[in-house]
Amino acid sequence: MTSPRKTHPLKKMINNSFIDLPTPSNISFWWNLGSLLGACLIIQITTGLFLAMHYTPDTQTAFSSVAHITRDVNHGWTIRYMHANGASMFFTCLFLHIGRGLYYGSFLSRETWNIGTILLLTTMATAFMGYVLPWGQMSLWGATVITNLLSAIPYIGSNLVEWVWGGFSVDKATLTRFFTFHFVLPFIIAALATIHLLFLHETGSHNPSGMTSNPDKITFHPYYTIKDILGLILLLLLLMSLTLFMPDLLTDPDNYTLANPLSTPPHIKPEWYFLFAYAILRSIPNKLGGVLALVLSILVLMIIPTTHLSNQQSMTFRPITQIMFWMLTANLLTLTWIGGQPVEYPFIIIGQIASIMYFLIITTLIPLSALIENKLLKW
């Protein structure tokens with residue numbers, strides 16, 4: 001008799017996605033990140049749900065409701081800090097996941113890659129709106145600065161900003177709508193992640209060698225479920241260490257001051273995971289140019305499948321392109337550092353050089369390296 005997991009309509013879907021899924025036998029730890037992102041999303045939705053039970057999206061009470069969660073709600077501080085540091089874990093896994101996709105040529109599955117880029121944008125939007133909710137100084141001024149960028153759009157800019165704000169400044173209406181979207185978007189992310197998986201399972205996973213793995217596949221369970229559980233344990237270990245020992249390591253002290261529209265913080269900056277994009281935005285003196293560069297810093301990922309000119313899929317056997325990849329990594333770390341620095345010499349010029357290099361490496365140097373390698377291999 002055939003097992004119910006292979007015949008039952010619902011169990012069959014789960015079976016084909018997580019149990020009997022044919023998986024390359026040689027995929028490394030870097031393929032764990034997808035399941036870790038799923039775990040991060042579940043943690044964020046669960047902790048967020050409990051926080052929403054006690055939070056009030058009102059300018060008069062938002063700050064004190066967060067303080068109430070931290071002080072008076074049973075284990076409220078744990079839930080709050082797990083949610084705040086969970087976002088950092090989420091973005092760490094996201095960046096590593098994208099890096100893996102770039103290095104091993106996973107972007108050649110175009111639908112999966114493009115939906116992944118949309119997922120990144122949606123996650124960034126969700127995290128930005130979540131940062132506004134505690135209604136501290138950095139929440140208010142971060143929201144003001146970033147939403148104000150819409151005013152750079154010709155003709156409709158000013159009207160658009162006031163429409164987003166729900167008034168003439170970031171106020172109660174803005175906070176309420178940001179809370180609404182922050183609550184809804186994670187479920188949209190979950191739906192997009194399901195579509196992401198759907199497209200991935202159409203072609204199957206790639207592997208480190210970049211060659212087809214059809215002749216050599218194994219079932220996902222038990223081999224990769226065990227491997228993923230190990231990754232999950234390490235992730236939870238890191239998250240709980242941050243939450244219990246250093247909960248404020250990655251947050252801004254300014255956000256412990258109640259939002260005051262009459263007092264501007266000395267340095268307005270977003271959370272660490274947005275600093276690279278913020279540095280690109282700041283390094284262009286023109287407002288519209290900065291906004292375009294900011295958007296393109298993410299959307300540039302979508303052109304990578306088109307600029308792939310190598311005859312090999314993966315970078316495993318391509319030393320010149322590997323150098324370019326690690327240059328890009330170092331460049332992103334430089335941009336992250338610059339984003340947190342004040343706008344003064346020498347940080348301005350470093351930021352401008354790093355911003356130019358970011359786009360240059362992705363659009364020109366990596367494709368050029370591929371052509372050189374093709375020539376060297378006489379292909």
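Note that the numbers count up from 1, one per residue, in the order the chain is shown.
Cβ coordinates are placed from backbone N, Cα and C, and glycine is handled just like the others.
The transmembrane segment annotation in Swiss-Prot covers 33-53 (among others).
Residues 30, 33-34, 36-37, 40-41, 43-44, 47-48, 50-51, 66, 69-71, 116, 120, 123, 127, 130, 235, 238-240, 242-244, 247, 250-251, 271-273, 301, 332 of the same chain lie 6 or more positions beyond the ends of the transmembrane segment (77-98) yet place their CB under 8 Å from a CB of it. Sequence annotations record features per position, and here Swiss-Prot assigns transmembrane segment to 77-98 (among others) based on similarity to another entry.
Here the Cβ of H83 (heme b b562 binding site) has 21 other Cβ atoms within 10 Å, regardless of which shown protein chain they belong to. The heme b b562 binding site annotation in Swiss-Prot covers H83, H182, and the record cites similarity to another entry as its basis.
When secondary structure is read from DSSP and collapsed to three states, H97 (heme b b566 binding site) falls in the helix class. Taking the Cβ of H97 (heme b b566 binding site) as reference, residues of its chain lying under 8 Å away and at least six apart in sequence are, in sequence order, L33, G34, L37, G116. Taken from Swiss-Prot, the feature heme b b566 binding site applies to H97, H196, supported by similarity to another entry.
Taken from Swiss-Prot, the feature transmembrane segment applies to 113-133 (among others). Within its own chain, the transmembrane segment (113-133) is flanked in space by residues 55, 57, 62, 66, 87, 90-91, 94, 97-98, 101, 106-107, 139-140, 142-143, 146, 170, 174-175, 178-179, 181-182, 185-186, 188-189, 192-193, 195-196, 199, 270-271, 273-274, 277, 298-299, 301-302, 304-305, which lie at least six positions past its ends and keep a Cβ under 8 Å from the stretch.
As annotated by Swiss-Prot, transmembrane segment applies to 178-198 (among others), with the evidence given as similarity to another entry.
Feature annotation from Swiss-Prot assigns ubiquinone binding site to H201. Of all Cβ atoms in the shown protein chains, 14 besides its own fall within 10 Å of the Cβ of H201 (ubiquinone binding site).
Per Swiss-Prot, the feature transmembrane segment maps to 226-246 (among others); the stated evidence is similarity to another entry.
Away from its own ends, the transmembrane segment (288-308) comes close to residues 98, 102, 105, 107-108, 110, 113-114, 117, 120-121, 124, 149, 152-154, 276-278, 280-282, 355, 358-359, 362-363, 366-367, 370 of its chain (Cβ-Cβ under 8 Å, at least six residues beyond either end). Residues annotated as transmembrane segment in Swiss-Prot, with similarity to another entry given as evidence: 288-308 (among others).
Sequence annotations record features per position, and here Swiss-Prot assigns transmembrane segment to 320-340 (among others) based on similarity to another entry.
Annotated transmembrane segment per Swiss-Prot: 347-367 (among others), in sequence order, evidence recorded as similarity to another entry.
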For the transmembrane segment (178-198), the candidate among 33-53, 226-246, 320-340 having the most Cβ pairs under 8 Å is 33-53
Distal contacts, the transmembrane segment (33-53) - CB-CB under 8 A, six or more residues away = 69, 79-80, 82-83, 86-87, 89-90, 93-94, 96-97, 100, 182-183, 186-187, 189-190, 193, 228, 231-232, 235, 239
Can you tell me how far the Cα of H182 (heme b b562 binding site) sits from the Cα of H196 (heme b b566 binding site), in Å?
-> 21
Distance, H83 (heme b b562 binding site) to H196 (heme b b566 binding site) (CA atoms, angstrom) | 24
Cα of H83 (heme b b562 binding site) to Cα of H201 (ubiquinone binding site), in Å and rounded, measures 30
